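Copying in the features that Swiss-Prot gives for the protein in this structure:
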type     : residues                                         : note
MOD_RES  : 1                                                : N-acetylmethionine
BINDING  : 10, 18, 19, 20, 39, 40, 41, 89, 90, 91, 115, 133 : substrate binding site
DOMAIN   : 17-144                                           : domain 'Nudix hydrolase'
BINDING  : 50, 70                                           : Mg(2+) 1 binding site
MOTIF    : 51-72                                            : motif 'Nudix box'
BINDING  : 66                                               : Mg(2+) 2 binding site
BINDING  : 66                                               : Mg(2+) 3 binding site
ACT_SITE : 69                                               : active site, proton acceptor
């Protein structure tokens with residue numbers, strides 16, 4: 001299923017969830033520092049770069065495209081961390097590891113909407129994400145648990161109380 005919204009086509013899976021893809025962009029293979037970007041809706045908040053998949057687009061291709069647009073980085077795509085559900089917002093996001101090999105000086109979202117990017121130590125990234133993006137904070141817990149990147153990757157359902165979900 002597809003829906004048009006302004007300049008983009010949104011794709012949905014059979015359950016009506018928006019299909020999304022994102023990357024945990026690490027500075028090196030040691031995976032000690034991760035790149036977060038400022039939210040387009042709340043520029044004072046940090047988020048994991050990612051977004052909606054285009055029609056017929058593979059999740060891995062969408063993830064690489066989204067991080068280039070939102071964070072201005074390119075790199076080596078690694079393992080699939082997992083597929084995460086945000087039941088409150090009806091999103092299903094494929095999350096990958098990306099080892100950054102190139103940092104662009106100017107990129108699409110920096111030019112168009114003034115988006116910023118910043119490197120965070122993992123613990124600090126979890127802290128800044130927990131209050132307003134708890135599903136994104138859970139990406140790191142799943143990464144630590146080391147689920148294999150294969151067809152058996154579990155869908156990780158996440159639900160949070162309405163008091164938390166009202167904070168975007």
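Cβ atoms here come from the backbone N, Cα and C positions, even for glycine.
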Select the most exposed residue of 10, 19, 41, 90, 115, where exposure means the fewest other Cβ atoms within 10 Å, treating these as the binding-site residues.
41
How would DSSP class residue 69 (active site, proton acceptor) in three states?
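Going by the DSSP assignment, residue 69 (active site, proton acceptor) falls within a helical segment, counted as helix.
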Report the member of 66, 69, 70 (the recorded positions) whose C-beta atom has the most other C-beta atoms within 10 angstroms.
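Going through 66, 69, 70 one by one, the largest Cβ count within 10 Å is at 70.
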Work through the binding-site residues one by one (39, 90, 115) and name whichever has its CA nearest to the CA of residue 70 (Mg(2+) 1 binding site).
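The answer is 115.
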List nothing but the largest Cα to Cα distance in Å, as a whole number, among the residues 10, 18, 19, 20, 39, 40, 41, 89, 90, 91, 115, 133 that the record says bind substrate.
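Farthest Cα pair among residues binding substrate: 25 Å.
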Sequence gap of 6 or more, C-beta under 8 Å: which same-chain residues meet both conditions with respect to residue 39 (substrate binding site)?
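Once residues fewer than 6 apart are set aside, residue 39 (substrate binding site) is near 45, 46, 47.
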